[in-house]
C-alpha cells in the first residue's frame, strides 16, 4: 500500500478502508506560528486545569471517576470530546470531499452504536459498576478469570488505539505545524502523562470538554461560512459542488465505499458494537452520580456528535466548492497540497484566513491529546484496579492501588512514545480497525450478556470471550489489509477486510454454548445470583454516590 496520510485515517474506526478512500502523501508544511501559539495557549490553560484538579484528587474514586461528581451535561460533552477524533473532523470531511454522499453514510457508522449504549448499557452499567466495566462483568461471576479477560481485552484495545493515535499525532502535527515527527510524538506523550498522572479523571474530563467545545465552535463557524456563501441553500450547495467535482452528479450517489454486502454488514456491526465495548468510553459512565445522569450523558453526547457529523458533511461539500476549484490549494500535479486529508484545513483558510487556519490546526492537536488521555487512564485502571487490586494483590490499600496506577501511566506513556517511533513509516491504519473488532467481539458480548442473560456462567464468558478476541485477531491477520498489503502475500486467506461479523458471531455462540452446557455447582450458583444482580441493575439499590462512590 502506498504511503498514506495515516495521521487521520489511523484515528478512524476501521480506518484501513478510510485510508484507501482519502489517501494522500505526507508533505511537511512550513512552520505555522499562529497554530503553534494557539496550541501553546491551550496547553498552558489545560495544564492549569491539571494543577487545579491535582489538588482535588485525594482518593481512588477521585482519580478514576472524578468522585462521581460530573453532571450529565458535562459528561456528555466529555464523551463527545473523547469520541470525536481528528479523523472524524478531517477524515470524514475528506471522504465527503472525494466521495460525496458516501462520506455521510460512513459517518453514520459512528453514531449507530450510541442508541445501544443509551437503551441497553448506560443505566445498568452505572448501577452495577464502580470504576471499570470489569466490575460489571464480574459482578456475579468469578472475579479472577473474568477480570483477567476484561483487562486483557481493554489493554489490547487501548494499546492498538494508542499506537495509532501516537503515529497519527506525529504525522498530523508534522503536516499542520511543520514540526519534526519525533518532537511531536514526545510532546503528545509527555502532555498525556502529565494530564493523567497529576489530574486523573477530573483533568482528563475537562481537557475533553474544552476540546469538544473548541471543535464544535470551529466546525460550526466553517459550516456557517460555507452556507453563507451559497445563500443558506442546500440546493445551491449541492448544485455548485456537482458542477466543479470531477465525478459530477455521481457524488450524490451511494455505493462507492464498500463493494459487497458482507463487508458492509461487517463494517457496520464493528462500528456499532465496537463503540459499546470501548473501555475509555465505558469508563466515563462511572463519573456521574447515578443511572439517570448516565442516561443524560448519552443523550447529550449523541446530540453533540450527531450535530458534529452533519457539520462535517457541509464542510466536505464546502471544500469541494471553495478548495477543490481553487488552484491556490493545489500543487503542480493538480493534487491537493498535503493530500485530501487537508481539505478541511484548507477550507478553514478559505473562509477564515490564516488566523482561523491556526485555530483549526491547534484544535486538531488538542483533539488528539483528549483522546490519548482517556485511553491512558482506561489502560492504567485496567492494570491497577482489575489486575493488581482484584487479582494479584487482593486487599490492596487505596494508596497502593493509586501508586500502581500512576506507575502504569508512566510505563504506558513511555511505551507509546517508543512504539510511535518504531511505527513511524508503517501502515498502522489496521490497528484501530482491529481495536474496534476486539471491543465488539470480546468486551461487548461479555458486558451485554452479563447484564441481561441469567444463564451466563464464568466458563461460558471465559471461553466465548477468548474465542471472540482470538477470532478477531486471526481473521484480521489473514485478511487483505495485513496478509496482502503489509505481509506482501499474493492473495488473502480470509477474503473480507472487516472480521466483526464473524468474530462477534463466534463470541456469542461460544458464550451461549459453553454456558448452556455448564452443569457445575458453581455455574448453578452464578445463575441463581442473577436475580439479585437484576434488582440492583434496575433500582440502583446499594450504589454509592458522590465522593463515597
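Glycine is treated like the rest: Cβ placed from N, Cα and C.
Note that this is a predicted model, so its numbers are computed, not measured.
Over in Swiss-Prot, the protein carries these features:
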TRANSMEM  77-97  transmembrane segment
TRANSMEM  103-123  transmembrane segment
TRANSMEM  148-168  transmembrane segment
TRANSMEM  183-203  transmembrane segment
TRANSMEM  206-226  transmembrane segment
TRANSMEM  262-282  transmembrane segment
TRANSMEM  303-323  transmembrane segment
TRANSMEM  355-375  transmembrane segment
TRANSMEM  404-424  transmembrane segment
TRANSMEM  428-448  transmembrane segment
TRANSMEM  464-484  transmembrane segment
TRANSMEM  493-513  transmembrane segment
Looking at 103-123, 262-282, 303-323, which one has the highest count of Cβ pairs under 8 angstroms to the transmembrane segment (77-97)?
303-323
Using a Cβ cut-off under 8 Å, which residues of the same chain at least 6 positions beyond either end of the transmembrane segment (303-323) come close to it?
76-77, 80, 83-84, 88-89, 92-97, 100, 103-104, 107-108, 110-111, 114, 212, 215-216, 219-220, 222-223, 225-227, 229-230, 237-238, 240-241, 244-245, 251, 329, 336, 343-344, 346-347, 350-351
Of the listed stretches 103-123, 148-168, 183-203, 206-226, 493-513, which one has the most C-beta pairs under 8 A with the transmembrane segment (404-424)?
183-203
Is it the case that the transmembrane segment (148-168) and the transmembrane segment (464-484) have 3 or more CB pairs under 8 Å, with pairs at least 6 apart in sequence?
yes
Which sequence positions outside the transmembrane segment (428-448), separated from its termini by at least 6 residues, show Cβ-Cβ distances below 8 Å to it?
4, 6, 9-19, 120-121, 125, 133, 136-137, 146, 149-150, 153-154, 156-157, 160-161, 163-164, 167-168, 269-279, 282, 461, 464-466, 468-469, 471-473, 476, 481-482, 486, 497-500, 503-504, 506-508, 511
State the non-local partners of the transmembrane segment (206-226) in its own chain: residues 6+ outside its ends, Cβ under 8 Å from one of its Cβ atoms.
42, 45-46, 49-50, 53, 74, 77-82, 84, 89, 195, 237, 304, 307-308, 311-312, 314-315, 317-318, 321-322, 344, 347-348, 351-352, 356, 359-360, 363, 366-367, 369-370, 373-374
